[in-house]
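Since the structure comes first, as structure tokens, the remarks are kept for the end.
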Amino acid sequence: MNEEILQNIALIQERINNACKESNRNPNEVKLLLATKTVPAERIKMALQTGHTLIAENKVQELKEKYEALKEIPHTNHFIGHLQTNKIKDLLRHNVTCIQSLDRLDLAEKLHQRLQFENKTIEVLIQVNTSFEESKFGTNPDNAIELIKQVAKFDTLKIKGLMTIGLFSAETEKVRKCFRLLKDIQQQIIALNIPNVEMQELSMGMSGDMETAISEGATIVRVGSAIFGQRIYPDSYYWNENLG
Ligand SMILES: *Cc1c(COP(=O)(O)O)cnc(C)c1O
């Protein structure tokens with residue numbers, strides 16, 4: 001089991017390297033994030049030994065459960081799930097440096113209030129629903145710029161870029177359209193030169209579509225099942241409001 005994790009990570013690194021070669025990019029520009037939902041702390045520890053230390057959970061509950069076990073091992077925590085405002089306090093207690101799933105103004109407001117109170121700042125990515133699927137979180141692409149202008153006013157929130165989940169489809173060109181749209185929004189925002197807004201990160205691409213995402217400019221790929229194996233819960237459990 002654990003050997004397998006190490007082999008899988010080596011394979012993923014190879015996929016990243018190959019995808020970068022294809023599109024004339026430097027592999028150092030693409031960070032591998034380990035998506036660890038449903039994975040027990042012991043297995044995450046194995047993965048951290050490879051030197052890939054950027055990990056992310058989707059639920060505050062899981063972040064809490066694994067926190068003690070992972071504490072002694074140096075790593076960086078991002079958050080990639082739907083965040084309910086009543087979980088903000090708890091999330092901020094568990095050493096998360098970036099929330100990649102900021103997708104609405106009321107969440108930004110509540111985060112800002114709490115961060116001000118704690119005299120802290122946090123990095124955020126704005127999650128955009130580039131596939132226009134109702135089941136997925138993320139701001140509508142048409143609203144992304146307006147949302148960013150609003151979030152930029154909160155000085156506790158450091159905007160570092162954008163995140164998206166591509167369409168689930170075997171048709172690569174349809175998936176590519178999602179990633180292109182994210183890149184396009186990024187370019188529009190850069191051109192606006194909004195104070196307190198940086199746009200260096202494009203978090204896009206997962207186990208099934210990372211090559212396409214890298215060719216469209218991904219700087220962070222989020223990989224779960226190709227490293228840790230298939231999950232027993234359907235992803236709708238994590239991505240759908242009603243079931244989350
Ligand atoms: C689970 C998850 C991933 C990783 O998905 P895999 O297909 O298992 O690689 C990436 N991003 C988000 C937001 C996720 O919830």
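Placed from the backbone N, Cα and C atoms, the Cβ positions cover glycine too.
Per TrEMBL, the features are as follows:
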{"type": "DOMAIN", "residues": "30-230", "note": "domain 'Alanine racemase N-terminal'"}
{"type": "MOD_RES", "residues": "Lys37", "note": "N6-(pyridoxal phosphate)lysine"}
Surrounding CB atoms that lie within 10 Å of the CB of the residue listed as 'N6-(pyridoxal phosphate)lysine', all protein chains:
20
Integer average pLDDT (0 to 100) for the domain 'Alanine racemase N-terminal' (30-230):
97
